[in-house]
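Going by Swiss-Prot, these are the annotated features:
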{"type": "REGION", "residues": "8-43", "note": "region 'Interaction with host CALM1'"}
{"type": "MOTIF", "residues": "16-22", "note": "motif 'Nuclear export signal'"}
{"type": "MOTIF", "residues": "26-32", "note": "motif 'Nuclear localization signal'"}
{"type": "REGION", "residues": "108-146", "note": "region 'Disordered'"}
{"type": "REGION", "residues": "192-229", "note": "region 'Interaction with host PPIA/CYPA and NUP153'"}
{"type": "REGION", "residues": "220-227", "note": "region 'PPIA/CYPA-binding loop'"}
{"type": "ZN_FING", "residues": "390-407", "note": "zinc finger"}
{"type": "ZN_FING", "residues": "411-428", "note": "zinc finger"}
{"type": "MOTIF", "residues": "457-460", "note": "motif 'PTAP/PSAP motif'"}
Amino acid sequence: MGARNSVLRGKKADELEKIRLRPSGKKKYRLKHIVWAANELDKFGLAESLLESKEGCQKILTVLDPLVPTGSENLKSLFNTVCVIWCLHAEEKVKDTEEAKKLVQRHLGAETGTAEKMPSTSRPTAPPSGRGRNFPVQQTGGGNYIHVPLSPRTLNAWVKLVEDKKFGAEVVPGFQALSEGCTPYDINQMLNCVGDHQAAMQIIREIINDEAADWDAQHPIPGPLPAGQLRDPRGSDIAGTTSTVEEQIQWMYRPQNPVPVGNIYRRWIQIGLQKCVRMYNPTNILDVKQGPKEPFQSYVDRFYKSLRAEQTDPAVKNWMTQTLLIQNANPDCKLVLKGLGMNPTLEEMLTACQGVGGPGQKARLMAEALKEALTPPPIPFAAAQQRKVIRCWNCGKEGHSARQCRAPRRQGCWKCGKTGHVMAKCPERQAGFLGMGPWGKKPRNFPVAQAPPGLIPTAPPADPAVDLLERYMQQGREQREQRERPYKEVTEDLLHLEQGKAPHREATEDLLHLNSLFGKDQ
C-alpha cells in the first residue's frame, strides 16, 4: 500500500482530487483510483512502478493504446486513469479526463510522428469490400485477381468458435463474418478443420447436396460451348468438388454475367448451420419463462438468445418480442410491466424491472410479510367498547378467571360469602331493571323521598266514590255466598244419608220439597 501511495505525493495528490471524471460530472478522482489502476496493470504484465514517472506512464500508454478501440470498459478506464497520471507528472493543467486524453494523444503523436500514435478514432480501417488485404481474393496492379490462402489465425478462430459455442445461435453470424470474400475452396477448408461434431457436418453435407440438385434443376446446360469459353458453374462446381480455385475466381469476377459462387455456397452452408442450431438447441421460445427469483435482465438474455435461433419471419419475431416477453415473465415483473402501458420499449422494461427479484425487493417483501403476521387483527369499535377486564370470583384479582385461579378454593357463595347456596342462586344478586326480584323486598334501585318529621301531608282526601264502590262489591260477594250455601248443605246431607249417617240438619226434607222453590201455595 505504501508503494502505491508513493505514485503521487504532496501537490500532485492535491491536483488529482481537482480533476473531474467526466466533463459535466460532479465526481472527482481519488487515491482509490490510483490503487485500482495499479491492480489492473498486473493483468497486462506491467509493473506498478511505471506509474511513478512520466516515462513509465508513456510506456503503459504505448501498450494500451492499440487495444482501446476493441477493449473492454475496464481497459478504457485504465487508459483514462493513466492519461490523467501522465498529465500530473508532466505538470499539465487539465480539468477532466477528456482533456487529459486529448493532451496525451497530441503529445505522443508529436513525439513519434507515426500513425500508430494517432487518436483511435482517426485511424484508417480496412475496406468493407472483399478486396482488402485480409481477404483470400486480391487484385494486383495489372487488374488480375490472385488467391491468397486463409491465415491460420482465421481458421483457429473458426474452430474455437465451434468448440466454445457448440453450434449455438452465435455460430451462424460468426461463420458469416469469417467467410466474407472467401471462395468455395476456402469455405471447404474451414469445414474440414472441424474435427468433432461430425453429425452436424453430415447434416450440412446433405443440405449442400440438396441445394446443388435444386441449382442444377433451375440452371440446365445450354448446350455445347465454343472452345476456350468458360462454362457455367454446376451445383458441384459451386460446392468446390469439381472446380478449381482459378475457375471459381473467374466466375466471381468475370465482366459478363458473373456468378458469385462464394456467396451462393456460403448461403447453402448457413441453411445447414441453422438446422444444426435448432438441433443442438431444442429449447422452444414458448418454453422460455422467467424463474420466480431470476433477474429480469437474465431472463431477457435467454429470451433473445432463443429468439435468435428461431428461423422465422421478422414480423413473427416482432410479435414474439411484444407478446411473449411480457407474458412469460414472473408475476412480480409482469405486474410492473403492465403498468408501463401499451408497447413499452426494452429500455423502459429493463429500467422498471431493475430491482425486481433482487435483495432489496426480497427484504421489502419479507418485511411486509412479517408486519402482517405480527400485527394483531383490528378489533371492531363495538367489541372494543363491550370488552371488560376479567376478574376472578375466587380471589378477587384481575387478569384471570376462577377456573384458572391458583388460590385455594373459597367455600360458600362467592357473592355474599354465605353457605347453603351458590352464586348463581344468591338472593343478594345485583338488581335488574325492575328491582331485586320476587323476594318480598322493595326495590333498592329507585330513590325514595323521606318526609321530614313533624310535617303533615297536604295531599287531598280520597274520593268517596271509591269507598262506595268497594262497599257494593263486598255486598255482592256476601249475597253470592248466601245463594250458594243451601245447595252446598243439601249435597252434604244427602251424602250422609247414603252412608247411613244422620243428617246435620233436620230441615233437609223441607229444603228438598218443592215448597222451597215455589212457596206454600203449591
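Cβ from N, Cα, C; glycine included.
Given the structure is predicted, the values throughout are model-derived calculations rather than measurements.
As a summary of secondary structure, the region 'Interaction with host CALM1' (8-43) carries 19 helix, 2 strand, 15 coil according to DSSP. Applying DSSP to the region 'Interaction with host PPIA/CYPA and NUP153' (192-229) sorts its residues as follows: 22 helix, 0 strand, 16 coil. In the predicted model, the motif 'Nuclear export signal' (16-22) shows an average pLDDT of 87.
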